[in-house]
Amino acid sequence: MIFNFSSPKTLLLNNIVLILALSVSYCSQAAQSEAEIQATIIERISKSKAELNKLEKDISQQSSELANKLNDEQLAIKKLREQAAAVQRVADERVLGLDKLQERVKQWSNQSQYQYQLLSSYADSSHLLATINQPDLTVTNIDVTIIELAYQQLVKKLSPDWRNKEVIANDGSINKLAVLQIGPIEVALNSAQNQAGPLSRGTNNEAHLLSNIYDDDAVRALISLQNSGKGELTFDPSLGNANKLLKQEQGLLSHIEAGGVWALPILFFAALSLLVSLVKAIQLLRLPRIIPLLAEKIAALEVASNLTDAERHTQLNQYITQCQGAQLKLVKIAENAEVSQQRDDYLVAYLLEHKHKLEKYLGVIATSAAIAPLLGLLGTVSGMISTFKMMKIFGTGDASTVSGGISEALITTELGLIVAIPSLIISALLNRKVKSYHAQLETLAIKLSKIDFKGKGQKA
């Protein structure tokens, strides 16, 4: 008898080997199964996709067929609706009431009367009935002869022809003058007085002669045109608008008068600003020129050791005689007072006094620049109120009734801005001049405050 006694380690090792072998076998079988599954899935997806494409194609074809059928049905419905509307209209005509028929007859009668009035007016204005010598002929029994005459007159109007018409002269007299009309252009000729000119139509279509427009050459050319049918014709291409624009031009005083009552205070501030500007400009231009480096020259003179007191005093007097105005006053203050806080106070006090003198009344210009636009705005409001009052009373049909308020509104604003803009510019220039001059004086005063005129040298 053979006994096989194995150790525990050997048994454990055998078990591990057996487990690994089983695992490898299982994994190979699982990998093979997974590949088969993937191939099956891909095949099913391809088959489903093909079926889906076929189904979409069928649906698209069916949708197109249904859309065509729907369109045909809609067209058939539209035709049926039109037929139904026609049938309904015929039915409504059959059941119309007496009031509806009377209303239609009244409309037709008004239309016929209007046409009759137009024809009668044309026949009277063109004298057709008198031309054919048929007093008993009226518009109601008009025949082809009148139509032919109307056509001949229309053709005649297309060619220029001189006609005698009543024309209103500049002095108001009414004269019968030879008038030539070419389209919208009308010119009149007075051969007896050797006068001519274009015609202007008024509100009531009356003809006004515009004299003093044609010169002698134009009048002679118009006479030649009347006599021989050949000549030059001078006319206004603006059809009278240039003459109207010329009449609308106003002088300065009339323009200001159109601004109303609020133009007066604006003009007052304009005059006040102009007067103050001239006075201050003359004052600033007459200011003496500040000598450059004066303080440095005096300081160098005071500390110069090679000069005697007499020479130093003589040279100092030469410098002082060159100074004028505020510069001379500052030098005198610095010379006559000891180096102290009191002398500095004297210099500052004089600078403030002189600055106040230069800036005096400059605020009037700035105030005028600020007030003038406000007065213009006040005039605008007043003008618009007047305009609305006129519109309430006379309506909006006639522009001349509301033009006064509009003129007041616009002109006051214009005047306000005309006063404000130059005043603002002048105020800025004058203030800059004052600040520049005062800054130079302040610099001089600071330098002079450091100088000892008593031979003690400069102040530490």
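Keep in mind that glycine also has a Cβ here, set from the backbone N, Cα and C atoms.
Remember, predicted model here, so these are calculated numbers, not experimental data.
Over in TrEMBL, the protein carries these features:
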- 1-30: signal peptide (SIGNAL)
- 38-90: coiled coil (COILED)
- 260-279: transmembrane segment (TRANSMEM)
- 341-442: domain 'MotA/TolQ/ExbB proton channel' (DOMAIN)
- 361-385: transmembrane segment (TRANSMEM)
- 405-430: transmembrane segment (TRANSMEM)
Can you work out which residues elsewhere in the same chain, 6+ from the ends of the transmembrane segment (260-279), have a Cβ less than 8 Å from its Cβ atoms?
361-362, 364-365, 368-369, 371-372, 375-376, 378-379, 382-383, 408, 411-412, 415-416, 418-419, 422-423, 426, 430
Summarise the model confidence on the domain 'MotA/TolQ/ExbB proton channel' (341-442) as a single mean pLDDT, whole number.
86
Count the residues of the domain 'MotA/TolQ/ExbB proton channel' (341-442) that DSSP assigns to helix (H, G, I), to strand (E, B) and to coil, and report the three numbers in that order.
95 helix, 0 strand, 7 coil
